[in-house]
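K.L.:
Let me begin by handing over the structure; questions about it come next.
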Amino acid sequence: MKKTAFILLLFIALTLTTSPLVNGSEKSEEINEKDLRKKSELQRNALSNLRQIYYYNEKAITENKESDDQFLENTLLFKGFFTGHPWYNDLLVDLGSKDATNKYKGKKVDLYGAYYGYQCAGGTPNKTACMYGGVTLHDNNRLTEEKKVPINLWIDGKQTTVPIDKVKTSKKEVTVQELDLQARHYLHGKFGLYNSDSFGGKVQRGLIVFHSSEGSTVSYDLFDAQGQYPDTLLRIYRDNKTINSENLHIDLYLYTT
């Protein structure tokens, strides 16, 4: 009996000293790594387009914009959004539903999102770019100082330090898209997240989890892509999901197998 109790206590001690913890909760509560999609499962052009979206392409970032214009009832059209752009003048934002759009229609808003032109339907043909979500109200939503969002990163179960300044926001209520775009930009720059194996892309699977102060979470499988072009790859942001930035942190899990 004493031997059994000693073995049990030893096992518990080893578990506590070897399992990475975040805010007192083991990382295993968030994911089942076996359910993550593999990079090799992506459609032919998806990987290169994900690389373009999250690392190379410009983002639509502005403050204090207002529009009553629409193409469909679930959209807002910002005319003259782009200045000096070689192709686009206007930005058409798809918010997924009439109710979601009415929340921002005619109000001062801030925009932060990834836009695309190919397969963009609405506005002036060939002069309008499209974007899913990325909208927050401007008034009473500004922090007194920019917040740097802490990031916990595990690579194959081993915790790795991430500089504190890689994901930032000046908003109290921020879209998950704004945070996700910054986080994936860092991951690709540091680890070649969306590079092919032949170009040094060692990461094969991954998950990003956003934890709010209220205890709610939002997560994305980093390789669970819809289709292979931006008009479908970016659709994950159509719900314009937002999260409170107070006590917010991000957990990242990368796997090389």
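The backbone N, Cα and C atoms fix where each Cβ goes, and this holds for glycine too.
The annotation signal peptide is assigned in Swiss-Prot to 1-27 on the grounds of experimental evidence. Residues or ranges marked as disulfide bond by Swiss-Prot: Cys120-Cys130. For His211, His249, Asp251, the entry in Swiss-Prot reads Zn(2+) binding site.
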K.L.:
Can you tell me the three-state DSSP label for Asp251 (Zn(2+) binding site)?
P.N.:
strand
K.L.:
Let me spell it out: for each of the recorded positions (Cys130, His211, His249, Asp251), count the other Cβ atoms within 10 Å of that residue's Cβ, using every protein chain shown. Which one has the most?
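P.N.:
Result of the Cβ crowding comparison: Cys130.
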K.L.:
Please report the three-state DSSP label of Cys120 (disulfide bond).
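P.N.:
Assignment for Cys120 (disulfide bond) reads coil.
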